[in-house]
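Novice: One structure, as structure tokens, below. Some questions next.
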């Protein structure tokens, strides 16, 4: 009986192993399995947006000009939402609405659903890319977790909110001025600025900006001197073994300024991660609430007193009047199919207007 020891010369790699080797190969631009989702979706989302803002009108959906071809500029061009009558249709090119006609598909607002869906999956692909790379180089996945916050905001605003309303029509169009108009709509119809979830979101974003400014300035203030390193490209050497700045000095400085300071870098940087991510998550949760038409804070006692006493007015009651004005003007403009007509006598009046 003979036993042969050794490796088989037969190549046992299957198709999956071959693809895995190619996708995760060390190259200038990492592809990875996540790239199969990220790159095509990002390409189609950006391509659809550039196509729409360059050529496609919103006349048939909003009664507006929205492309460079019609005279818009970068701030006023947009890929606008489908008409309200199309409700929540996916508006597939081969669907019953467009029936394979590309021109009709563009007129109906098909580019919006195209850009929104590919954009959402592109963002998810980018988050998965961070997970994949972190796993490959044995890092923890906090970058991907942090990026989940803007994804949550995007999905809640562009998908969850219009799904709770009557159609995609009530989502934001993809354009600068269009987003501004959507913000005004949110304020007028939902009193968004007085929503506690919006307040948490603003606190998170502005708090994160403050933390970044303080952290960057503190690091610059407490850099260790390293000879000529600050004046040469040695200052950018990514493999230095020593610390870049003095945490002890920074701690003493802020202890004297505020009376309290971060005692270690782990807690400091976790806090810088926690503040903006939690703020954005809370904003996304608030938008989900708006999809269900949940109300913001209402100070009804002030409204009742203001209606009875012409000399009593607060910033809150002034804002309520402004919201009523926004609703009165926007409803008639945004929903012409409803034939909404507001006589002069029912339009809001007050010091705010």
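Glycine residues also receive a Cβ, built from the backbone N, Cα and C atoms like all the rest.
These came from Swiss-Prot, pasted as-is:
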- 118: chlorophyll a ChlzD2 binding site (BINDING)
- 130, 143: pheophytin a binding site (BINDING)
- 198: chlorophyll a PD2 binding site (BINDING)
- 215, 262: plastoquinone binding site (BINDING)
- 215, 269: Fe cation binding site (BINDING)
- 2: phosphothreonine (MOD_RES)
- 2: N-acetylthreonine (MOD_RES)
- 41-61: transmembrane segment (TRANSMEM)
- 125-141: transmembrane segment (TRANSMEM)
- 153-166: transmembrane segment (TRANSMEM)
- 208-228: transmembrane segment (TRANSMEM)
- 279-295: transmembrane segment (TRANSMEM)
Novice: If you measure residue 130 (pheophytin a binding site) to the residue listed as 'chlorophyll a ChlzD2 binding site' at Cα, how many Å is it?
Specialist: 18
Novice: May I ask which of the stretches 41-61, 125-141, 208-228, 279-295 has the most CB pairs under 8 A with the transmembrane segment (153-166)?
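Specialist: Per the Cβ under 8 Å count, 279-295.
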Novice: Applying a 10 Å Cβ distance cut-off over all chains shown, what neighbour count does residue 215 (plastoquinone binding site) have?
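Specialist: Excluding its own Cβ, residue 215 (plastoquinone binding site) sees 16 Cβ atoms within 10 Å.
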Novice: Sorry to bug you, but what's the C-alpha spacing from residue 143 (pheophytin a binding site) to residue 198 (chlorophyll a PD2 binding site), rounded to the closest Å?
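Specialist: One finds 24 Å between the Cα atoms of these residues.
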Novice: Going by C-alpha distance, which of the binding-site residues 118, 215, 262, 269 is nearest to residue 143 (pheophytin a binding site)?
Specialist: 269
Novice: Can you tell me how many other Cβ atoms are located within 10 Å of the Cβ belonging to residue 130 (pheophytin a binding site)?
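Specialist: Total other Cβ atoms inside 10 Å, all chains included: 19.
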Novice: By Cβ distance under 8 Å, which residues at least 6 away from the ends of the transmembrane segment (208-228) in the same chain are close to it?
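Specialist: Same-chain contacts beyond the flanks: 234-235, 242-247, 249-250, 253-254, 268, 271-272, 275-276, 279.
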Novice: How many Å lie between the Cα of residue 215 (plastoquinone binding site) and the Cα of residue 269 (Fe cation binding site)?
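Specialist: Just about 9 Å between their Cα atoms.
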Novice: For residue 143 (pheophytin a binding site), what is the tally of other C-beta atoms lying within 10 angstroms of its C-beta?
Specialist: 15
Novice: Given the binding-site residues 198, 269, which one has the fewest other C-beta atoms within 10 angstroms of its C-beta?
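Specialist: Result for the binding-site residues 198, 269: minimum number of other Cβ atoms within 10 Å at 269.
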Novice: Should residue 198 (chlorophyll a PD2 binding site) be counted as helix, strand, or coil on the basis of DSSP?
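Specialist: SS state of residue 198 (chlorophyll a PD2 binding site) = helix.
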